Amino acid sequence: MAADGVDERSPLLSASHSGNVTPTAPPYLQESSPRAELPPPYTAIASPDASGIPVINCRVCQSLINLDGKLHQHVVKCTVCNEATPIKNPPTGKKYVRCPCNCLLICKDTSRRIGCPRPNCRRIINLGPVMLISEEQPAQPALPIQPEGTRVVCGHCGNTFLWMELRFNTLAKCPHCKKISSVGSALPRRRCCAYITIGMICIFIGVGLTVGTPDFARRFRATYVSWAIAYLLGLICLIRACYWGAIRVSYPEHSFA
C-alpha cells in the first residue's frame, strides 16, 4: 500500500538520480583456473552461441573459439592467446600433450619423453605417470623431475636436441638439420687413428709385394690381384680416416644420471 502520497506503481528511484546508480551485483568474471569446467576433450560438438555458430572454450585462456569452417581440423588456434586447442581425437597411435609453457604437442602413444620445440622453453617433458600433462585432463603443474639423457648442441646447426643414449662417443642425428655428428670427440679421434694405421699397413704390404715379387708375378698373373687388393684396402682405410677426421662434433650441455 502506498504511503505518504506516493503511488505504489512509481519507481523507487526518481529519474533525476537514476544516472548515478551503479549495479550492486558483482561483475561476471570468466573462470581461468585449470580446474574450471571444460568442454569434453577432442570433440567438435560444442554448445553454439546465440547466433548458432559452434564454439569451444580455449583450453588455455578459456576464451571462446569460433569453429565455423574449422570442424574438419584436429586443432584450432585461439585468437586471444595464440595457443592450440584440440577439437578432435588425435590420429591413431598418437596423443596430445600440453607443455607447461602451454604449447600443444603431439607424439606417439609409446613415447616416454618429449622435448618442447619452442626456443624460449626447450623443456624436456617426462611422459611417465608423474609428469603426464595430457589434454584429456586439466593441466597440472609439472614436477621438477630430472629426465634421463642429455641435451646436445648440434655441431652443424647449433640447435639443441635431446639425446637419449646413456653413453658418449656415439653418432647422433640432429632432428633439426637431419645431419649426423659425433657426440664427443673421443670416438672420431680413435677411429681416425685406427683407420690410418690399418691403411698404412696395407699400403706397406702392397709396396712390399710389388718390390719383392716382380719375377713371381710375371710367371703367375694372379699375383697382381694381391697387389691390387692390398692397395685398395689401404686406400679405403685412408678415406675412412679422412671421414672420421672431418666429422662434426656435438657437445652435451648437461648430463643427467
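Placed from the backbone N, Cα and C atoms, the Cβ positions cover glycine too.
Quick look at what Swiss-Prot lists:
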REGION    1-43  region 'Disordered'
COMPBIAS  1-10  compositional bias 'Basic and acidic residues'
COMPBIAS  13-23  compositional bias 'Polar residues'
MOD_RES   Thr22  phosphothreonine
MOD_RES   Ser33  phosphoserine
MOTIF     107-113  motif 'CX5R motif'
TRANSMEM  192-212  transmembrane segment
TRANSMEM  227-247  transmembrane segment
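Residues in the motif 'CX5R motif' (107-113) partition by DSSP class (helix H, G, I; strand E, B; coil) as 0 helix, 3 strand, 4 coil. Summed and averaged per residue, pLDDT over the motif 'CX5R motif' (107-113) gives 83.
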